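Taken from TrEMBL as is:
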BINDING   Asp135, Leu136, Thr137, Arg162, Gln178, Asp182, Arg337, Tyr341, Tyr342  L-histidine binding site
COILED    4-31  coiled coil
DOMAIN    10-66  domain 'WHEP-TRS'
DOMAIN    65-402  domain 'Aminoacyl-transfer RNA synthetases class-II family profile'
Amino acid sequence: MSSAKELSSEKTALQSQIKELGDQIRVLKTEKANPDVVKEQVAKLQALKAQLGDDFKMVLKTPKGTRDYGPKAMAIREKVLKIITETFKRHGAETIDTPVFELRDVLLGKYGEEGGKLVFDLSDQGGELCSLRYDLTVPFARYVAMNKISNIKRYHIAKVYRRDQPVMTKGRYREFYQCDFDIAGQYDLMLPEAECLKVVDEVLNSLNLGEFYTKLNHRLLLEGIFSICGIKQSDFKTVCSSVDKLDKAPWLEVRAELVNDKHIDEKAVDALEYYVRLRENNASLGSVELLDLLLEDEKAGSNKQIKQAVDELKILFEYLEIYGVSTRVLFDPSLARGLDYYTGAIYETVMKDFSFNAFTNTDSTNPEDHVTVGSVAAGGRYDKLVGMFLESAGKKKADDVPCVGISFGIERLFSIMEMKEESEKSAGRTNETEVYVASAQKGLLKERMKLCRILWDAGIKSEFAYKANPKMLNQLQYCEDRVIPWVVIVGERELKEGVVKLRNVVSREETDIPYDEIVNELQNRLS
């Protein structure tokens, strides 16, 4: 018979095996190993857990890169989403929704060198290979192509999934919301881009989170710069992914990556430095002045792609001036977003000099307390994505639908809002209750229920205590804790006189109101 010590040792060994096998399975899934091998390992893991039986303890946690949202966080989320949705609707957008997973072929090859590695693949679904959507743009393009839409202004708010290394302190998750605003159709030059940037400006001003600015560049300008520097067209995407790191890393690190890791010609990389650091080295110049400076360069000024991009960006800045947002948009030739599908103007919005310590301890020496939030919105023109789907379905290339859009990094905005409200110690309502029905004496449960029904039927947001005889002090304290503005009190005196007592929670002022007039009185006061 085994001793208690031996049983404990066996249990520890089993738990160790379970942990080790679990780690192995995670690695196999990351490396996209043979599904049969993964299934075999999972079966072994389940068998080990069965051996432990009741001794197996589940770890109560959310998966890596995800989080729960409690009532307070959800109240903030709804506030942010309401502002964004109202802005989208103000600009005439209509909404759509698409499946949370797409056929894998729909997503493959659309996200560039890095993005393609971050798509969550699902196991075979009845003969169909599927993946969780990585963003809302590719599904939108598929939707436009599939439904033969020639023009639409749409918004889409939904969750997307990325097999990224999450950094929760920066609002970077594996499951998160995106809020997209896109304009599809044939329109005059730069008009849709100007409206997208106006939408960004309106949303961030309404959220009142601090100063921000939008970096602006053009795909053709990048192609032209790379060409005059001697960088091969085949290296465009890989060079872009390095250059796009210039807002986080110094030029020497980016140069080392290009030369040593990606084996780009050293002379070409050194020539590239002047152009991608043009904004950095001429910070005092306005965007249009910087564009003119670029054209004054002998090589750049004679390149057709660069000249076309500069002409288009100048038109865009004229429109942004009319919309009153040009001072918060900066031309920056180092902006090189890595997604495959952009064809024209590209932009990215960041909070100015913002880090998550801004609302907390500004004197902290802990680097984790000074993590910058990164971009909060990004987008651009993608004229060939719908056509790519049309072509794959055997349709005419002439049926292509140009598109331009903006996507908000909503989780980062949530994180900033949470930090702001925490720092301001604001009560932050987690419900929308307008009226609380209370009673001062015992035996009035049914009277409270009747009164609540009358208020509900009138569309007034109301609630009452789920106790037959609650204490009056507890009821009033509940209202103060939940920031409920009004209390309707029913008591024996009130019932005899045909009235109810209306109490203002903040001022504590009380007024008798005829029972039959309480609905009208509340509607007037609430409006």
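Glycine too: its Cβ is placed from the backbone N, Cα and C atoms.
Site extent for L-histidine: among the recorded binding residues Asp135, Leu136, Thr137, Arg162, Gln178, Asp182, Arg337, Tyr341, Tyr342, the largest C-alpha separation is 21 Å.
Per-site Cβ counts within 10 Å over the binding-site residues Asp135, Gln178, Arg337, Tyr342 peak at Tyr342. On the 0 to 100 pLDDT scale, the domain 'WHEP-TRS' (10-66) averages 75 in this prediction. Around the Cβ of Thr137 (L-histidine binding site), the number of neighbouring Cβ atoms within 10 Å comes to 26.
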